[in-house]
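**Q** According to TrEMBL, the record shows the following:
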type	residues	note
ACT_SITE	LYS12	active site
DOMAIN	66-143	domain 'GHMP kinase N-terminal'
BINDING	PRO94, MET95, GLY96, GLY97, GLY98, LEU99, GLY100, GLY101, GLY102, SER103, SER104	ATP binding site
ACT_SITE	ASP136	active site
DOMAIN	212-273	domain 'GHMP kinase C-terminal'
Amino acid sequence: MLTELVLPAPAKLNLFLHIIGRRSDGYHNLQTLFQFLDFGDRLTFVLNNSDVSLASDLDGVAPEENLIVKAARLLQQETGCQQGVNILLDKQLPMGGGLGGGSSNAATTLLGLNALWELGLTIDHLAELGLRLGADVPVFVRGHSAFAEGIGEVLTPVEPEEGWFLVVVPDAQVNTAAMYGHSDLTRDSLPIKVCAALDGEGAVLDQVSQQQRRNDFEPLVRALYPKVDKTLSLLDNLADSSIGRAMMSGSGASVFARFASREQALAAQAELSLNVSRPEIADDTSKLHSFVAHGINRSPLHTALQHAGYPVME
Ligand SMILES: C[C@@](CO)(OP(=O)(O)O)[C@H](O)COP(=O)(O)OP(=O)(O)OC[C@H]1O[C@@H](n2ccc(N)nc2=O)[C@H](O)[C@@H]1O
Ligand SMILES: Nc1ncnc2c1ncn2[C@@H]1O[C@H](COP(=O)(O)OP(=O)(O)O)[C@@H](O)[C@H]1O
């Protein structure tokens, strides 16, 4: 019997993000392209017979508010499961970074405990539970790059090119709910008409050419957070314009640019470090954290579960 599982909780990027309307409950309808990164947090689950406990020290997040604990308790309520678990979180992703760290942690917990507690829930059921925890959780549960609509939960699997990214994390935490609620947010983008025969990435990209790709949060976050604005400008200067400009992910604060190879992404990272150490710009960008990662269309969580002998059930 399985008593311990160590699983990744990968980051995501929003390769574009258009906000097309606001629902009566205040949530927003989007059209966005999600791709996973081979970089993220790591969760260790050890079976116990008593309670759910989490070892982590996230600033400002009480254990009961942590999406990991919420996900575990939701599974217990839904299934009546009496088993417990000790969970250890190795946090690598910035909080409020637009990389989906909290949502990914929740999805890894749902899938990990479904295996460890032998609950046998289907992927559809787990995605539905995930949506109760956050709009971005279902894509991490389903584990495939996707064109997302609705509030982020209506997912069509797609195959964007698996490029190399330099991701830069300015020293700023952006509050997602506050950005969605801001009066200056663009929320009337024209919907992309996705044809019925959405085939791989093709149909999405035909309609959202590289030049048209944008993140509707970007102008607002740039105006409110000068560090994000400056970081985007710095990264854009290093980006390969034939591939695309630097963009923000989600509601920020992280920004990214795609490169033709890992080597080129690493070279841009080195140049960025050099640039921010220059006295004329060393002020508020000196705390830039960055990493190079591969964009991948199958979540490393699903790959790890398969290797552990627990392939995700459709
Ligand atoms: C902006 C995005 C883009 O992928 O990512 P992040 O920047 O958070 O990574 C998501 O839409 C964030 O999804 P997620 O972070 O799961 O949001 P939730 O916890 O469900 O909601 C937080 C708050 O954001 C608002 N919200 C969220 C999703 C949505 N489609 N419309 C909204 O208006 C609601 O006010 C909600 O109270
Ligand atoms: N396990 C968790 N990891 C990160 N954030 C969490 C977690 N549980 C709850 N949160 C809360 O969710 C918020 C959003 O976190 P996160 O998903 O990392 O950022 P984003 O939504 O910008 O991608 C955090 O600011 C924090 O208050």
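Even glycines carry a Cβ here, placed using N, Cα and C.
A TrEMBL annotation is a machine prediction, not a hand-curated record.
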**Q** Under 6 Å from ligand 2 by Cβ, which recorded positions from LYS12, GLY100, SER104?
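**A** The ones that qualify, in sequence order, are GLY100.
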**Q** Quick one: of the recorded positions LYS12, PRO94, GLY100, GLY102, ASP136, flag those whose CB is under 6 Å from ligand 1, and say none if nothing qualifies.
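**A** Listed by sequence, the hits are GLY100, ASP136.
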**Q** Which ones are near ASP136 (active site): of the binding-site residues PRO94, GLY96, SER104, which have a Cα within 10 Å?
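**A** So the list is SER104.
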**Q** With LYS12 (active site) as the reference Cα, tell me which of the binding-site residues PRO94, GLY96, GLY100, GLY102 is the closest one.
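**A** So, of the listed binding-site residues, the one sitting closest to LYS12 (active site) is GLY100.
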**Q** Other residues near the ATP site, CB within 8 A of the CB centroid of PRO94, MET95, GLY96, GLY97, GLY98, LEU99, GLY100, GLY101, GLY102, SER103, SER104?
**A** ALA11, LEU93, GLY250
**Q** Under a criterion of Cβ-Cβ distance under 8 Å and sequence separation of at least 6, what residues of the same chain contact GLY96 (ATP binding site)?
**A** GLN173, VAL174, ASN175, THR176, ALA253
